[in-house]
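The annotation compositional bias 'Polar residues' is assigned in Swiss-Prot to 775-790. Residues or ranges marked as region 'Disordered' in Swiss-Prot: 769-790. Positions annotated as repeat 'HAT 1' by Swiss-Prot: 12-44. What Swiss-Prot records for 89-121 is repeat 'HAT 3'. Under the heading repeat 'HAT 4', Swiss-Prot lists 123-157. Look at Swiss-Prot and you will find 268-303 tagged as repeat 'HAT 8'. The repeat 'HAT 9' annotation in Swiss-Prot covers 331-364. If you look up Swiss-Prot, you'll see 368-402 marked as repeat 'HAT 10'. The repeat 'HAT 11' annotation in Swiss-Prot covers 404-440. According to Swiss-Prot, the repeat 'HAT 12' annotation covers 457-492. Residues annotated as repeat 'HAT 14' in Swiss-Prot: 528-562. For 567-601, the entry in Swiss-Prot reads repeat 'HAT 15'. The feature repeat 'HAT 16' is assigned by Swiss-Prot to 639-673. Taken from Swiss-Prot, the feature repeat 'HAT 17' applies to 675-709.
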Amino acid sequence: MGDVIPLKVNFDLINVDDEPFELELLRDPYSLKSWLRYIKTHEGSTLEKRVLLFERACSELPGSYKIWKSYLELRVAHVEHLNPYFHAEAFASVNDCFERSLILLHKMPVIWKLYLQFLMKQPNVTKIRCTFNSALRALPVTQHDDIWDMFTKYAEDIGGLFCIHVYRRYIQVEPRAIENYIEILCKLGLWNEAARQYEDILNRPVFLSAKRKSNYQIWLEFSELVVQHPDHTQNIDVEKVFRAGIKRFSDQAGKLWTYLAQYYIRIGDYEKARSTFYEGMNNIMTVRNFTIIFDAFVEFEEQWLSARVEASSGNANDELSIDFHMAWLEKILDKRPLYINDVLLRQNINNVDEWLRRVKFLEDDSEKVVQVYTDAIKNVNPKLAHGSLGKLFSEFARFYENFDDLEQSRIIFEKATHVPYKTVNELAQVWIDWAEMELRHQNFDAARKLIGDAVHAPRKSHISFFDESLSPQVRLHKSSKIWMYYLDLEESVGTIETTRKLYDRVFELKIATPQVVVNYANLLEENAYFEDSFKIYERGVALFSYPVAFELWNLYLTKFVKRYQGTHMERTRDLFEQALEGCPPEFSKSIYLLYADFEEKFGKAKRSISILEKAADKVKTADRLAIYNVLLVKVALNYGVLATRTVYEKAIESLSDSEVKDMCLRFAEMETKLGEIDRARLIYIHGSQYCDPRVETDYWKAWQEFEIRYGNPEETVKEMLRIKRSVQTKFSTDSLHIAKRAAKIESAAAPMDPMEQLEMEKSEGPKALAGFVLSKSNPQETSKITGEEN
């Protein structure tokens, strides 16, 4: 295999064994199957014999793809391990075979690819280039992809101008390959051509990156290229391209503005760079982008100053210029918050808070402050304002007030009262601020007149405060905010008569709040108009429903009782009955207790107890225990302890199960003190049905101590234990009680560490078996009881 086989065929290689194949081919020399069988039979023969057969077959069947492909693979395999430089003739012979095959098989891409792969191993760039061109001309466009892939890879391996020319042709066929082309241009240092190709990409309306890069990334790559190699991109209108990108990516333009400025820095145009930085900061729309530009600007100025200092010759002019520039840079740094404020206002010009913040930044310059206020009032849309637009006007007026220019302040307030604010309360605040200004300068009458004019309206107004279709100015007289201020103002500087008229006007407009009712009543009370004060409370409870009415009744009744005490008994009782008539159970407890206390102090004890008994039926279930506690005390004080039995009995009937236990314990304790042991035992028995022995241990402990002291083991103690087992069985089978018990145990017992639990069990000692009760005080007596029970 190491020797080169000449193409000249020796027909003496045909031997007797080949006679059947030869005879068959004589009969039909164009039989493909016959030739293939013949060739296959001699796969193990010498190369000369196989070449002879392939050449004869190709001569008879020059258009057979199968024969040519096998033949070419044979010839390529024979020389592929050889050095093409030292065996050029052998490679040329194989090349000739490929050329002959392509005469009729020029539409077969596999043959072309096999040929091109073979050629690319040979040092003949021109022939390879021509063969690629021939393949592209011969094959249809749909089959060009594989050829171009081979062509471009080969071109990249060769490099230089050859690669450039190949890619220039390729990107006309496949525009998305332009990114690879740009990378090659950059590797070769052809920066101007790379920039021109970037410009071509950026000018396209739509570009889909083969490398999955966003358009913004491509802009940044172009920017970096231009900034790093400004001297090689002179044929491109760099500023125009950058500004197109800034316009296109307005939300991410910070880096593009910075790159444009750096481009001017690289070409030495420092003033143009500064103006670019300024323009960027004045047009950017986000704080993030502003920060990028500002930081780059400051870095540039610091580097420029450092360079000036190093290059300074030490003369006075240079020192003065450097000092001036340093002061200018410090001023720029100090103005950073103001620049950020500019950005935020560009984002939303209706942001009132930012306008006010801008005033604070410029508070040392009166002219600029006035200009800011003027611009804000001119540009902010009242219906779109973010924040309180009224505050803007008030602060503007306050600015002139600080300079004692009250006339100008009044002009601003006058204009502010005609602005169509989003809410009525905002307009009300403007009027209040105006009045406050007048008060600060002792113009009390002017302040009263202002607010009076603001709330002036027809005697009978049917306008709804919540009607958004009407302007705030039309609805202002229904604003409780401005009326509350007006009332406070009138109380401070007016008379009782004028103040009463205003309060009455508030009631006429039907905008009275609970606070207005209380304030009006207190005002009248302070001026000794007690009956009028009580009338206001009556108007208040008629206006408002519960729970507001409950608070008003509480105040009304308390003040009425305090005023008249026991002198108007029937009237006071009527008021209490009126208060309780429509009072929901959840609010009636306080009124009943107040009523009972009144009767006890100024009326009859019997009537007080009767009220408490009625309260026990009327209040909500959760409040009944408190009522019964008071009732028990009152009955015991007035009628003796024996009289409390009926109260206890009624309480046990009406209280909830959880509250009955405590009531039974108290009842039994009372009977025990009276010596009524049997009655006490019956009470314990009655209460036991509500007490789970595993949960309500206090109840059963109290009963056990009672039986130990007053009972006998043979009967009462045994009966108690029987009842206890019965009750426990009942609770064990009641799913509702099981759930309650589990919840109670979970809430009462925190999770315990296993080691702590083990230590606790050891410290507690042995536990009693189920059904037995361990005694803490007298083990012998307990064992006696349990033994007798068994």
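Note: Cβ is positioned from N, Cα and C throughout, glycine not excepted.
Distant neighbours of the repeat 'HAT 3' (89-121): 4, 7, 58, 62-63, 65, 68-69, 71-73, 75-76, 78-80, 82, 127-128, 131-132, 135, 138-140, 143, 146-147, 150, 154; these residues of the same chain sit at least 6 beyond its ends, with a Cβ under 8 Å from one of its Cβ atoms. Under DSSP, residues within the repeat 'HAT 17' (675-709) fall into helix, strand and coil as 25 helix, 0 strand, 10 coil. Within the chain, the repeat 'HAT 11' (404-440) has long-range Cβ neighbours (under 8 A, six or more residues past its boundaries) at 382-383, 385, 388-391, 393-394, 396-398, 446-447, 450-451, 454, 465, 471-473, 475-476, 478-479, 481-482, 485, 489. Beyond the ends of the repeat 'HAT 8' (268-303), by six or more residues, the same chain brings 250-255, 257-258, 260-262, 325, 329, 332-333, 336, 339-340, 342-344, 346-347 to within a C-beta distance below 8 angstroms of the stretch. Sequence-remote contacts of a segment are chain residues at least 6 beyond its ends whose Cβ falls under 8 Å from one of its Cβ atoms, and for the repeat 'HAT 10' (368-402) they are 348-353, 355-356, 358-359, 362, 408-410, 412-413, 415-416, 419-422, 426-427, 429-430, 433-434, 437, 440.
Per-residue pLDDT, averaged along the repeat 'HAT 12' (457-492), amounts to 88 for this model. Residue counts for the repeat 'HAT 8' (268-303) by DSSP state, with H, G and I taken as helix and E and B as strand, are 31 helix, 0 strand, 5 coil.
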